[in-house]
Amino acid sequence: MISKQEYQAQAAQGYNRIPLVQELLADLDTPLSLYLKLANRPYTYLLESVVGGERFGRYSFIGLPCSHYLKASGKHVDVYQNGEIVEQHDGNPLPFIEAFHNRFKTPEIPSLPRFTGGLVGYFGYETIYNFEHFAHRLKNTTKADPLGTPDILLMLSQELAVIDNLSGKIHLVVYADPSQPDGYERARERLEDIRTQLRQSCAIPLSLGSKHTEAVSEFGEEPFKACVNKIKDYIFAGDCMQVVPSQRMSMEFTDSPLALYRALRTLNPSPYLFYYDFGDFHIVGSSPEILVRRERNDVIVRPIAGTRLRGKTPAEDLANEQDLLSDAKEIAEHVMLIDLGRNDVGRISKTGEVKVTDKMVIEKYSHVMHIVSNVEGRLKDGMTNMDILAATFPAGTLSGAPKVRAMEIIEEVEPSKRGIYGGAVGVWGFNNDMDLAIAIRTAVVKNNTLYVQSGAGVVADSDPASEWQETQNKARAVIHAAQMVQEGLDK
């Protein structure tokens, strides 16, 4: 931990949030047990990662209760402090959010990973209406909104635990405010309070089961197939090459959302595992796909397109993999999305600094396998995170190509707002690094109802029945996890 003198020196350099860090051994705990001890209440989060579908990433992140958060819906933003609105803004929320983030000047913590606090949460799909370069082409008609969640919700994370899964150590991070005369002392006291919480045992909430329920499609199979045929008509007319319609399913779910996270992380380990408690609703997900990642001046997108079910035996698994890589339709769709990713990254990158690294590799998850590629670029000077978001949002894999025309068609054919689905979840650090996953393989739990949404890439030779089945396959991991909870994880 830095000394009072070091703290004062950093304050003199103009930093208005200064991290105090304490390192402890926590090798007898897991990220889940630590979350139960330190957080497990509204406006907290747990973020984990599984690399290559096989091993947990080095770091996990637990956000302690956030006193400040922003909610944006339409052209209005509310800033909350301890549950009370303390600031409001009318107009495009994105410049306001960027300015809010930029209020905080913090030194880096060299010994820790790139994320050690900042804005954490989501940008829902309807954020599209705030990007001026294509919003004027979208009608933004009033649609049904079964979930009723904000378009954007971001927490200001100033107290967190960074878990090093390799060493078994936990790094407690509390930001001190040097504008307060006793800011340093208050942060030290807060660290001691958190240490006390760690020493206490926590009650493990057992999942003993509940009544079994079935997921019901909002769209319905036949209307969805008709939607696929309508999109094919647009494709044959030359309007577009691909569109990704989606359908939402819902089911009664009265169990703990944290139990759902336990089941999902076991059933479908993914590069982005996340649990957000927003008070009146929860987001639980295991997304395989980056929307965009910024690390200093490098930017990465990672398109995923092309799907097969996992085989029941190694031989069947290999056969499915070979079948996927030899499927001309799937390869053509994936190449189109690589080109879209190159175009998106190229808008914000220096000339000649965009490259495809991993190209058409297979990644395997619990229920499905995908074709994946990596597109990287070196940012132009002066690019902001909102410039990056504007260039990459929404993902081509969730919209289609050309992107804007595909979004117009989605707006026409889908019956309700997408909400969180198809948007982005993740972190925007104080250091301006950003790591956002696409909100897929993601459940929203609200009012004892679980919602999950999934899409299918429709091209000229798509079969409506196959595209309907693809949406079922993609939602299967979340629905199976919910049914595991209903059967009882701890019986």
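Indices start at 1 and increase along the chain as displayed.
Note that Cβ sites are derived from N, Cα and C of the backbone, with glycine treated the same way.
Around LEU273 (L-tryptophan binding site), taking its Cβ as the centre, 25 other Cβ atoms fall within 10 Å, counting all chains. Look at Swiss-Prot and you will find SER49, PRO271, TYR272, LEU273 tagged as L-tryptophan binding site, backed by similarity to another entry.
Take the CB of GLY457 (chorismate binding site) and look out to 10 A: across all protein chains shown you find 27 other CB atoms. Per Swiss-Prot, chorismate binding site is recorded for GLY306, THR307, TYR421, ARG441, GLY455, ALA456, GLY457, and the stated evidence type is similarity to another entry.
Residues within less than 8 Å, Cβ to Cβ, of GLU333 (Mg(2+) binding site) and separated from it by at least 6 positions along the same chain comprise GLN242, ALA305, GLY306, GLY457, VAL459. The Mg(2+) binding site annotation in Swiss-Prot covers GLU333, GLU470 and rests on similarity to another entry.
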### Query
Around ARG441 (chorismate binding site), how many other C-beta atoms are within 10 angstroms of its C-beta?
30
## Note on the structure
Same-chain, non-site residues whose Cβ lies within 8 A of the SER49, PRO271, TYR272, LEU273 Cβ center for L-tryptophan are LEU47, GLU48, VAL50, GLY57, PRO269, SER270, PHE274, SER286, SER287, ALA437
### Query
Hey, what's the Cβ neighbour count for TYR272 (L-tryptophan binding site) at 10 Å?
26
#### Entry: binding-site residues compared (TYR421, GLU470) - highest count of Cβ atoms within 10 Å
TYR421
### Query
Could you state the CA-to-CA distance between SER49 (L-tryptophan binding site) and THR307 (chorismate binding site) to the nearest Å?
21
### Query
Taking only the binding-site residues THR307, TYR421, ARG441, GLY455, GLU470, which one has a CA atom nearest to the CA atom of TYR272 (L-tryptophan binding site)?
ARG441
### Message
Quick check: in three-state DSSP terms, what is GLU333 (Mg(2+) binding site)?
### Response
helix
### Message
Measuring Cα to Cα, how far is LEU273 (L-tryptophan binding site) from THR307 (chorismate binding site) in Å?
### Response
20
